[in-house]
Amino acid sequence: MKLFVLIALFGLGFAQHNPNTRDGRTAIVHLFEWRWADIAAECERFLGPKGFAGVQISPPNEHILVSSPWRPWWQRYQPISYNLCSRSGGENELRDMITRCNNVGVNVYVDAVINHMCGAGGGEGTHSSCGSWFNANNKDFPSVPYSNLDFNDGKCKTGSGNIENYGDPYQVRDCRLVGLLDLALEKDYVRGKVADFMNKLIDMGVAGFRVDACKHMWPGDLDNVYRRLNNLNTKWFPGGSRPFIFQEVIDLGGEPITTGEYVGLGRVTEFKYGARLGELFRKWNGQKLSYTKNWGEGWGFMADGNAVVFTDNHDNQRGHGAGGASILTFWDPRLYKMAVGYMLAHPYGFTRVMSSYSWDRNFVNGKDENDWIGPPSNGDGSTKPVPINPDQTCGDGWVCEHRWRQIMNMVQFRNVVNGQPHANWWDNGNNQVAFGRGNRGFIVFNNDDWALDVTLNTGLPGGTYCDVISGNKDGGSCTGKQITVGGDGRAHFYINNSEEDPFIAIHADSKL
């Protein structure tokens, strides 16, 4: 019996590590703060045809409306209820988007905020995205309903009621994260309300969840909630499929709470990945790309099958969260494209690409005073649509990194080489490196201050290939560089260090 229970335990967690992607698709994109109507259109016109596996959406539940500062992005992370009406749209628009994305093979992953409700200073009234009344002062949220009995205040031992010391795991789990009212997830009633919210989304067709702030919840409480979740909707997924769970746990080392406590329940965000990747491409702290021959677990990251990896996310591109100044973002486009290219070419982890909006940064003593600014919006605070320009970029302040040719084409590269081993490594001892993926793909980087000029074994069949970084394969022709691979698998590469994009990628489907 014990053995059976162990297998059942392990089996459930293991199933929750599976992203349930379709048709050999391998990378998801976070369309941060996009409206549901725009995501639905993007699935149909771009994400589906271009081979993206899925989209991570911003929290869909009712949230507080903050006036000072004006409608910041982080108001989405302060729930008022589990009603499905948010800054991105209402329940009907959400359902329509989930259906339309699923119909073109693109999964939807929900950012689930279940650790807390709004901030203790959230006040009383109907300043919420659906107009529900609430009173944060006495912890009254009748639209759930939650009352003061459903929060952790009695368990928290700090004077302020907030987390004061990250060295104390009890504080981190039982006290308020930056003043946010901390739900008592040990209570059966609260667990039930959270599971009902998640199950409604599963029944609508979502494929899984990014679970926010998991470090601040006890693993046993999360396990209980996950066990209550329904299997995925069989209209789009095989019978018995479990929701994909990936948990936000910031663990850069140095704290008692580690990712290891959560990997049995689902995948976990590997924040070390983007922090190290940024250092490597910036060449900080003596780092060199030549040191990445054993990139992945060899660098002290969690096991491959447990990791969700990303260059940047919505927090750390603003200096919040983890990684500090080393994090590469769209503000550093040349290095950013290389770093994302490296991530998408390398077999380690399940990959997430960021899609951002720009804002007017204002650095004072190294801190961006405008890191709160919400998405492009109208005077009334409503989020603007995402317009697509004739050149396929986005307008109105939406950055759309996922549409940049170099990133879009590397998502396709990852699909083409899926399942192939890391092979044919080469480096120059500095910041020129190359590696292949079996006999399906090969990529070369020059991050040195001098030209790369070398003949390498690619492992690819002989022929002429289109470099998908400098251009696109268009029928039988190529709009970028062409690379000739000999019958022996060898090819000559030249990359000047002054090029806009000093890297080259070729793969089986880019053969002319």
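From the backbone N, Cα and C atoms, a Cβ is placed for every residue, glycine too.
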ASP182, ASP203: which one does Swiss-Prot list with ASN115, ARG173, HIS216 for the Ca(2+) site?
ASP182
Per Swiss-Prot, which of CYS85, CYS101 is disulfide-bonded to CYS43?
CYS101
Which same-chain residues, if any, lie at least 6 apart from CYS101 (disulfide bond) yet have Cβ under 8 Å of it:
ILE39, ALA40, CYS43, LEU47, GLY48, VAL55, ASN107, VAL108
Site of maximum Cβ density within 10 Å, from disulfide-bonded residues CYS130, CYS478:
CYS478
Residues satisfying Cβ distance under 8 Å from ASN496 (N-linked glycosylation site), sequence separation of at least 6:
ASN446, ALA451, PRO502
Between ASP315 (site 'Transition state stabilizer') and CYS156 (disulfide bond), the C-alpha gap once rounded to whole angstrom:
26
Rounded to a whole number, how many Å is the Cα of CYS175 (disulfide bond) away from the Cα of ARG210 (chloride binding site)?
22
Cβ neighbour count (within 10 Å, all chains shown) around ARG210 (chloride binding site):
25
